[in-house]
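Going by TrEMBL, these are the annotated features:
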type	residues	note
BINDING	B:ASP34, B:THR47, B:ASP78	Mg(2+) 4 binding site
BINDING	B:ASP34, B:ASP78, B:ASP215	Mg(2+) 3 binding site
BINDING	B:THR48, B:ASP49, B:ASP126	Mg(2+) 1 binding site
BINDING	B:ASP49, B:ASP78	Mg(2+) 2 binding site
BINDING	B:HIS56, B:GLU267, B:PHE313	substrate binding site
BINDING	B:GLY125, B:ASP126, B:ARG150, B:SER217	ATP binding site
BINDING	B:ASP218	Mg(2+) 5 binding site
DOMAIN	B:32-141	domain 'PurM-like N-terminal'
Protein chains: 2
Amino acid sequence: MNDAFIHSEDDFLALINRYFPNEHKELSIARGDDCAVFACPPSLCVTTDLFVEDVHFRTSYFAPADIGHKALAVNVSDLAAMGAVPLGFSLALVAPRGVPVSFWEPFLQGMAHLAATHDLVLTGGDLSDGDKITVGITVWGAPGQRVLARGRTRIGDVLFVIGRVGMARVGLGVLEAGQDLDAFPACIRQHVHPEPLVEQGRLLAALPGVRGAMDISDGLEQDVPRLLAPGQGATMFMDPSVIHPEVTMYCARHHLNQARFCLRGGEDYALLGAVEPEYFEIVRERIPEAWKLGIVTANGFSLDGTGIRLQGFDHFSHEQP
Amino acid sequence: MNDAFIHSEDDFLALINRYFPNEHKELSIARGDDCAVFACPPSLCVTTDLFVEDVHFRTSYFAPADIGHKALAVNVSDLAAMGAVPLGFSLALVAPRGVPVSFWEPFLQGMAHLAATHDLVLTGGDLSDGDKITVGITVWGAPGQRVLARGRTRIGDVLFVIGRVGMARVGLGVLEAGQDLDAFPACIRQHVHPEPLVEQGRLLAALPGVRGAMDISDGLEQDVPRLLAPGQGATMFMDPSVIHPEVTMYCARHHLNQARFCLRGGEDYALLGAVEPEYFEIVRERIPEAWKLGIVTANGFSLDGTGIRLQGFDHFSHEQP
């Protein structure tokens, strides 16, 4: 079976059924009909992300289980960033004919494991032939105590980050170069297997004074301006103690400015948030991974005391990955 | 602008904003945040479909507006088949760098026109570079008076079809051959621009005795067994009067059995339903496009008095389109 190929949609659906339970207490019509039907809360958070071969990942250095995991993780991270609790998802999968069952089994297992961790039910989707593995996922969830949106910051708010930055960028650099793999295990893991910070997002939505949050998918340089209300700026500091030793080592070896490097690193799926200054200590107490990035200002950006122009990553304007 | 290419995600999002309104009474957080947040009914119908270049459509004979329309229409048709009212959708779009703005403008316009027709709001999505135009849409809606599911038929139920069958298959055949295009305008239109039967599905969900329904996307040969409860069969008749004259002409020219041809034709997005026999007349009265296909039996299939084995279309086991 393992070296075989998928011969029919029914074969593939049977494979999916092996890894994903097709019942859930909220689900009145499950996979296999025109639509799924499920009970839902009074309001719903919905997000969609693509994960495309040779754009977002390469099969040469991504294990199939990590591809399945990350395709779902980047979606769940968007829910986490709103403070929402994930409920269900649908899967649009371009599965090229030449990809064997031995790929799809761990792929589905990796995705199913993350789904089970968060009690997420796969309600359905669609399969197609095509040239490149393309995973389109739409995930929905219930808002937490508050919805952590963008664009609601005020001057003087504390900007903070939950999690690390720069690690996934190191992981990508090392994997693309194909050298020194043994020296950067944590960074490689962060690139191929990011964990969405669902519990931290949920906690954040319940804490006082929190103005909003988002996940850092494109790097702080691009994402900080997106969190801020229009026209605002930020004074930022990249405390060396929050930078992972592997990132420090990578930047030293390549003669890179570590703080700038971390500002540009995307795909860590850390959370970026803003909180009224008098409540920042509560955030830090309740969520130990939180660290202070800086302060919202009237305009302009600075990093470690030097003015900077912010620009970020864009899937259209840069070569990828 | 028209001969230009998309240079950044922001360019593309600006284009999307030109065609799709970003506010709706049910939408508390719209496009541009990590998630959209919207008010929803106590239960929701959700479905996902892919529409992939050179698998589901070719740019050589599909106008960009029709690609945009059909990518959404095939999804809305799944909601129609459940008797649900569409509310919103998300768009996962692989937009290869080499496709110009002059393609995307009518593409988005075609999609936006169908969305506006049904008051469907685009809540968000994702964009990626890639090799082939790939449209993954997830659409959700509110169940109608009843949910029209599959697998609930009983022996003696009347099977009926709302709409035509076989036309899209003729359209595909003519377009692929590239000949006689002028002789089959209705069939070509049916292939490139199917209209989802939302109003008919909604009506059906409110009529007495209706046991279930689905949309005919892969052809009756594959879809009839899917509508039936496990093990059941059907006695079917293909009344020549329900067959479009262009289909009759096409089958005569190619020496094809017209009834068998229509049984195999997918992608018309007609609705297939089952109703208790005493209520079929009400269906026919209320929905003039409905016609009787046959009767649910204990087992086995027949067409026009001859026993047949049913088999259908599968995106993995056949060459496509």
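Just so you know, glycine gets a Cβ as well, placed from its N, Cα and C.
What TrEMBL says about a protein is an automatic prediction, not a curated fact.
Cβ neighbour count for B:ARG150 (ATP binding site): 23 (other Cβ atoms within 10 Å of its Cβ, all protein chains included). Candidate binding-site residues B:ASP49, B:ARG150, B:GLU267 yield B:ASP49, B:ARG150 as lying near chain A, with Cβ-Cβ distance under 8 angstroms. The two recorded residues, B:ARG150 (ATP binding site) and B:THR48 (Mg(2+) 1 binding site), have Cα atoms 17 Å apart. The helix, strand and coil residue counts that DSSP assigns across the domain 'PurM-like N-terminal' (B:32-141) are 36 helix, 44 strand, 30 coil. In terms of Cα spacing, the binding-site residues B:ASP78, B:GLY125, B:ASP215, B:SER217, B:ASP218, B:GLU267 that come within 10 Å of B:ASP49 (Mg(2+) 1 binding site) are B:ASP78.
Taking Cβ-Cβ distances under 8 Å and a sequence separation of 6 or more, the neighbours of B:ASP78 (Mg(2+) 4 binding site) in its chain are B:THR47, B:ASP49, B:VAL139, B:ASP215. Considering only the binding-site residues B:ASP34, B:THR48, B:GLY125, B:ASP126, B:SER217, B:HIS56 (substrate binding site) has B:SER217 as its nearest partner by CA-CA distance. On its own chain, B:ASP126 (Mg(2+) 1 binding site) has B:LEU91, B:ALA92, B:LEU93 as residues at least 6 apart in sequence with a Cβ closer than 8 Å to its own Cβ. Candidate binding-site residues: B:THR48, B:GLY125, B:ASP218, B:GLU267. Nearest to B:ASP34 (Mg(2+) 4 binding site) by Cα distance: B:GLY125. A strand conformation is recorded for B:ASP215 (Mg(2+) 3 binding site) in the three-state DSSP classification. The Cβ neighbour count for B:ASP215 (Mg(2+) 3 binding site), using a 10 Å radius over every protein chain in view, is 27.
Comparing Cβ neighbour counts within 10 Å across the binding-site residues B:ASP34, B:ASP49, B:ASP218, B:GLU267, the minimum falls on B:ASP218.
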